[in-house]
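**Student:** Okay, here's the structure, questions in a sec.
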Amino acid sequence: MCQIVGLNVCMSGSAMSCEECLIIHPSCAWCAQEKFGSVRTLTSRCDLRQNLQKRGCEAHHMESPSSSTTVVKSEPLSSKGSGPTQYDVIQIMPQKISLSLRPGDQTSFKVQVRQVEDYPVDLYYLMDLSLSMKDDLDTIRNLGTKLADEMRKLTSNFRLGFGSFVDKNMSPFSYTAHKYQDNPCNGYKLFPSCVPSFGFRHLLSLTDKVDRFNEEVQKQMVSRNRDAPEGGFDAILQAAVCKERIGWRKEAFHLLVFATDDVPHLALDGKLGGLVQPHDGECHMNEKNEYSGSTKMDYPSLALLGEKLAANNIYLIFAVTKRLYVIYKNFTALIPGTTVEILDQDSKNIIQLIVNAYNNIRSKVELTVWDQPEDLSLSFTATCQDGQPLPGLRKCADLKIGDTVSFNVSVDARGCPAPGTQQSFTIKPVGFKDRLEVSVDYRCDCGCTNQTQANSTHCSSIGQYTCGICRCDPGYLGARCECQEGEAGSMYLSACRQAEGMQICGGRGECSCNQCFCYESEFGKIYGTFCECDDFSCARHKGILCSGHGECHCGECKCHAGYIGDNCNCSTDTSSCVTDDGQICSGRGSCACGRCQCTEPGAFGDTCEKCPTCPDACGTKRECIECRLFSSGRLSDNQTCQRLCKDEIITVETLKTDDPNAVLCLYKTENECVMKFTYSEHANGMSVLTALKEPECGAAPDAMTVLLAVVGSILLVGIVLLAIWKLVITVHDRREFARFQSARSRARYEMASNPLYKQPISNDYVETDFSMYSKSYNGAAH
């Protein structure tokens with residue numbers, strides 16, 4: 001039984017009787033118990049079953065019928081079609097069921113379908129004999145024998161029939177002038193002779209003597225009509241409904257092959273010839289086996305055609321030329337049980353076409369519903385060969401002969417018909433004679449009405465007692481018909497007002513016999529001397545009265561132990577704020593009303609345990625890295641580690657540090673190595689640690705390398721210092737030489753240019769001595 005969510009619709013419906021209660025919703029029940037409800041409350045007897053039980057209604061006094069399904073006939077499915085048991089072949093199970101429906105209460109049942117092997121086949125070949133089909137007629141003159149040979153590979157019981165059509169023999173559809181009456185091809189050079197046009201002509205009833213089919217075909221001649229469309233739909237309908245003339249067997253698979261090279265006339269086309277009478281869907285065959293209503297009624301509609309084909313279990317195969325394929329394909333969507341195949345221009349492929357169409361039809365099972373009552377809704381769920389339920393589908397395809405498929409059918413009644421109404425409908429697979437008959441009765445009456453007491457003492461002997469309530473005679477009122485209508489004067493109503501000027505019973509009850517009888521509300525209980533109190537007008541939290549942690553008493557929440565506040569939403573329990581290591585809110589916040597309020601910037605989570613930007617974030621996660629990856633550190637105990645470290649840890653060879661939302665953490669291990677990892681919080685609330693598989697450790701230096709490096713450094717420094725000293729000396733010498741050259745130049749100038757200078761006169765001794773001094777000076781200078 002379906003359940004209701006939200007408001008109590010049973011009480012909001014204001015049901016005044018058991019029958020009115022049952023129709024509100026399938027979850028509603030009526031309590032017929034005599035003593036039920038409070039003394040001073042207008043108790044609703046229509047409520048949810050569980051509510052009635054809580055209020056003291058005994059189960060055997062409740063009226064709450066439910067829908068049910070009873071299988072009346074269910075014979076097992078057959079596996080073979082032909083043979084001595086062919087008349088007892090069963091392809092659908094069950095065959096009869098009975099439904100007992102309460103409005104709105106859905107029930108369901110299962111249907112199984114199996115197409116049996118070697119099932120008898122009746123095939124009626126309906127051919128267009130207009131002039132354009134002459135080459136096709138020549139091709140099929142020996143069709144019967146060849147087709148029978150192919151079909152006997154599929155079934156051992158095959159019969160074949162034949163019929164033909166052209167169009168209505170009247171203007172403007174055919175040539176009606178006097179010279180064309182006997183030969184509509186008169187004057188036509190290509191085919192100077194042909195038979196008069198006709199609507200439909202039945203030529204051969206279904207028979208297993210296929211030679212007769214060849215004989216009849218060889219007798220046929222083509223005809224000629226005026227317009228392009230043909231009257232084929234007239235012929236299809238007559239072939240479907242004239243069962244005795246055609247010879248359709250009840251226990252056979254019915255195939256009607258419709259071969260044409262042009263489009264058909266549809267309903268209302270007959271008005272062009274003055275035919276205003278719609279087709280009546282009946283058989284109109286005269287003693288010559290010709291359609292006698294051809295010039296009296298309009299062409300049949302697609303709906304009528306589909307109805308008659310389905311009623312007589314006939315599969316229609318459109319064998320049409322390629323240019324017409326799309327048009328007839330659209331017809332198949334409107335006519336159940338039809339398929340379309342492409343016919344060669346000369347019908348050479350007709351045998352393979354029929355075999356392919358037969359195999360295609362036999363690979364599908366589709367259910368149809370007949371005579372469905374308007375107040376019933378049906379839904380289907382198909383379970384085909386893959387075993388997967390397909391809601392909303394009533395068809396299975398790609399089946400093999402012998403496969404069993406099932407359908408779950410749900411039925412729901414939308415209302416109650418007139419009392420005593422019995423209805424039925426039929427479910428049958430398209431093209432099958434087998435069917436499931438479903439009878440329906442409605443559970444809209446209450447059993448307690450059978451115990452109605454007239455002039456009952458329960459009703460002060462002036463009313464009718466039925467289903468726990470009194471129906472008072474005219475002029476009386478009250479729960480027990482104890483008051484007369486005239487007693488409800490103003491002097492009696494004042495006793496039902498809390499103060500002068502206030503509403504009677506606070507507007508939430510009725511004053512009867514000088515006292516308030518409070519209404520029942522779908523929201524809860526109304527009570528008090530003047531109906532001034534209730535148990536639903538208190539403060540709420542997130543739509544829940546008193547947060548679900550208290551009771552509402554006359555507009556005030558009375559909180560349960562462990563909760564405080566106007567709406568009882570604040571818990572005094574701090575256990576939900578304690579982390580696994582015993583801290584309150586991870587030391588990053590305070591516990592208020594049973595929830596952590598994080599005060600540390602960047603902290604979040606139920607216990608403020610997540611905080612990538614906190615100073616201690618890396619230190620906290622380091623302990624988890626140590627215990628989870630290396631079984632070391634303060635949390636190395638396995639149980640402690642598993643309890644405190646629940647974050648996801650991903651190990652990598654190379655750590656990427658370009659994620660802006662991740663915090664890079666480093667720490668030095670006991671071996672003086674460096675361990676690196678990143679810490680981030682994903683949008684789904686999970687903490688993710690990405691760490692190196694192993695810490696990064698530097699290698700010990702080589703002694704020879706160090707020695708060579710030191711010696712090399714010393715030599716390099718010495719060479720650099722020597723080069724610097726050489727550079728300083730060179731610069732100094734060049735400066736001194738430049739100073740000497742300058743002094744010498746000045747000396748020469750003084751000797752050559754001084755007018756006061758006079759060469760001294762000297763003797764040999766003096767000259768010799770001066771020469772020696774001069775050489776000595778020059779040598780020193782150089």
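Every residue, even glycine, has its Cβ placed from backbone N, Cα and C.
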**Student:** Candidates are CYS591, CYS593, CYS608. Which one does TrEMBL pair with CYS598 through a disulfide bond?
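**Tutor:** Recorded partner, per TrEMBL: CYS608.
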**Student:** Going by Cα-Cα distance, which of the disulfide-bonded residues (CYS416, CYS481, CYS568, CYS585) sits nearest to CYS283 (disulfide bond)?
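**Tutor:** Nearest in space to CYS283 (disulfide bond), counting only the disulfide-bonded residues, is CYS416.
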**Student:** For CYS559 (disulfide bond), identify the closest of the disulfide-bonded residues CYS444, CYS448, CYS467, CYS481, CYS552, judging by Cα separation.
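**Tutor:** Spatially nearest to CYS559 (disulfide bond) by Cα position is CYS552.
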**Student:** At the level of the C-alpha atoms, what whole-angstrom distance separates CYS481 (disulfide bond) and CYS665 (disulfide bond)?
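**Tutor:** Given the Cα positions, CYS481 (disulfide bond) is 85 Å from CYS665 (disulfide bond).
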**Student:** How many Å lie between the Cα of CYS554 (disulfide bond) and the Cα of CYS242 (disulfide bond)?
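**Tutor:** The Cα atom of CYS554 (disulfide bond) is 79 Å away from the Cα atom of CYS242 (disulfide bond).
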**Student:** Report, in whole Å, the straight Cα-to-Cα distance of CYS557 (disulfide bond) from CYS242 (disulfide bond).
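**Tutor:** The separation of the Cα atoms works out to 80 Å.
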**Student:** Given the disulfide-bonded residues CYS467, CYS481, CYS554, CYS614, which one has the fewest other C-beta atoms within 10 angstroms of its C-beta?
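**Tutor:** Each of the disulfide-bonded residues CYS467, CYS481, CYS554, CYS614 was scored; lowest Cβ tally within 10 Å is CYS554.
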**Student:** Rank the disulfide-bonded residues CYS18, CYS505, CYS591 by how many other Cβ atoms lie within 10 Å of each Cβ and give me the one with the fewest.
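**Tutor:** Result for the disulfide-bonded residues CYS18, CYS505, CYS591: minimum number of other Cβ atoms within 10 Å at CYS591.
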**Student:** In sequence order, which residues at least six apart in the same chain have a CB under 8 Å from the CB of CYS585 (disulfide bond)?
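**Tutor:** Non-local contacts for CYS585 (disulfide bond): CYS577, THR579, CYS591, CYS596, GLN597, CYS598, THR607, CYS608.
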